[in-house]
Structures are given as structure tokens and as C-alpha cells.
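For reference, the structure discussed in these notes is given below.
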Amino acid sequence: MAELPGPFLCGALLGFLCLSGLAVEVKVPTEPLSTPLGKTAELTCTYSTSVGDSFALEWSFVQPGKPISESHPILYFTNGHLYPTGSKSKRVSLLQNPPTVGVATLKLTDVHPSDTGTYLCQVNNPPDFYTNGLGLINLTVLVPPSNPLCSQSGQTSVGGSTALRCSSSEGAPKPVYNWVRLGTFPTPSPGSMVQDEVSGQLILTNLSLTSSGTYRCVATNQMGSASCELTLSVTEPSQGRVAGALIGVLLGVLLLSVAAFCLVRFQKERGKKPKETYGGSDLREDAIAPGISEHTCMRADSSKGFLERPSSASTVTTTKSKLPMVV
């Protein structure tokens, strides 16, 4: 008995399996799919198999940059029933329900930026395991650029360099950036400017007074454009020094004013302290003792050869002591 060649036997076996419905084949588009923000995306998926009681369809989703093993289901069809699940459950459905005639296309309404990623269409129909029943579709939600933010850094004096930056927080595909100068002033020469359309940065070198003006950044992708503006003012270096000196003088005047205020306040507080007073019973060094008259003092002094009157006419004198004399 002649033996059949190996390749012929494999081909015959494959044909038999296909005819008998023992092979599951899933077909999806090879090109990525793009859908504008807010529209409905149709993710086409077809299959070939003999649908039986064990037929099951599953759609799942994985975010960009993550492995397929981290995908999570968004829709099931099994035992004749459809089960949407996950955060997209209210926006997913099947183009044909039940999907039992070879069409398993998924509809996703009101697409969001977070819907961008890879979608997996998987058909299971035990015991049909001969081929891979899995198809992958990459979806990108197209989003126009958001209003960009313009900023500036660096020295803006004559001869200096500065960098103008522009960036949009949203936009898919990623927008490109272009800087233009407004008005009738000439655009800086290419030798004094470097522009990066990807990062949105414009570097201006060797600034001059004519570099002053309003610059506009335009962010653009296939969904639209948005812009922001920035005014650049280039100054003479001396103006910067004068401004610094003026600020220093103002600070010095402020410090002197504070010091003068503190000194006046201190003097006022010091003047409020109470002065010492003398009571009626206090004796002065030049007062005349009770019982001694002014004439007695004069006779005593005359014995020494001179007369001396009290230093003050207001000195109280007593001619007769009211105190008893002790002999």
C-alpha cells in the first residue's frame, strides 16, 4: 500500500476540519481605526465556525502601552444572552444581535479620549480550537488641540537669549506647534531663532530692541487648531540697572522710616514715666531747724566775722519754737 506524502496528508486533514466546522477563524481590519471625539466607532469583526451550544463571544479592551494579558472584558455573549460590562457597558452593543451568523462587530457610541487603545474580539466554540479565534483592533479617538499655554523664560535684555514655550494638554494625534510674529515687524532671522514643532519651543538669541513684539503659537492636528499669544519686551541693559538701583533706594527709605518711627515711639514711652515728688515732711539741706530764728543764724555767723542771709527769701523762719525746750 502506497504511503501518502506528509504535506498532502496535512492538507487533506485541514480541509476535512474546515468542512466539518472544527476550525474557528476570526478576521479584523489590519489598519488602525480612527474616530472623532463624540462619534460612534464600529469595530468590525467576522468569524467562521459552526455555531453550537458552546459558542461564546467576548470583547475586551487594553489601554495603550499595556500587554494584552492586562485586558479587561467589556462585553460577553454566551448561552444566547448579551452581557455588557465595565465602564463602557452603557455605550457598547453589537451590530448584529445575536452574533450567530458570522458577524461580531462592536459598536461604541460617544467615544471618549479614554477609549483609545486595543480591542480584542475573541470567539470560542468548543471543540473548535484548531486555529486562533482572536483578532486585535487598534482604535484612536481623534481630539482637537486644547487651548495651549504660552510661557517665556530667560533674559530679555539686549544681547540676551530667551525661550518661548507652547503646549496643549489635549490633542490626538499629538499636535504640532508653530510660532509666528504678529504685526508688520520683520520675523527674526533664522540665525537668531530655533523652533521645535514637536515640543513647541522657540529659542531667540542675540535679542535686540526690534525683537520686541507679540508672538503667537498655533497648535494644529487633523481635527483643528488652537492658539495662544505672548508679548516679548526687550530692554536696554542700563534700564535693568536703573530699575535695580531704584528698588534699592526705595528699600533704604523704607528702612529709615521704620527706624525713625521706632525712635519717636521710644521717646514718647520714656516721657510717660512718673517723676519723683517730695512729701511735706521731707527736710531740705538748706532748711533752718525749728526754734532757730533767722536773727540767731545771723548772730552766730557774725561771731565768725561775716553775716549771711538765707539763700532764698522764701525760706520759712520761726521766732519761737512750738516745741518744749529741754534744759
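Backbone N, Cα and C atoms are what each Cβ position is placed from, and that goes for glycine too.
Swiss-Prot lists region 'Disordered' at one of the ranges 259-281, 282-304, 305-327, namely 305-327. The record in Swiss-Prot pairs C45 in a disulfide bond with C121, which is drawn from C10, C18, C121. Each of C18, C166 is a candidate, yet Swiss-Prot gives the disulfide link of C217 to C166. By the criterion of other Cβ atoms within 10 Å of the residue's own Cβ, the least surrounded of the glycosylation sites N138, N206 is N206. Note: the CA-CA distance between N138 (N-linked glycosylation site) and N206 (N-linked glycosylation site) rounds to 47 Å.
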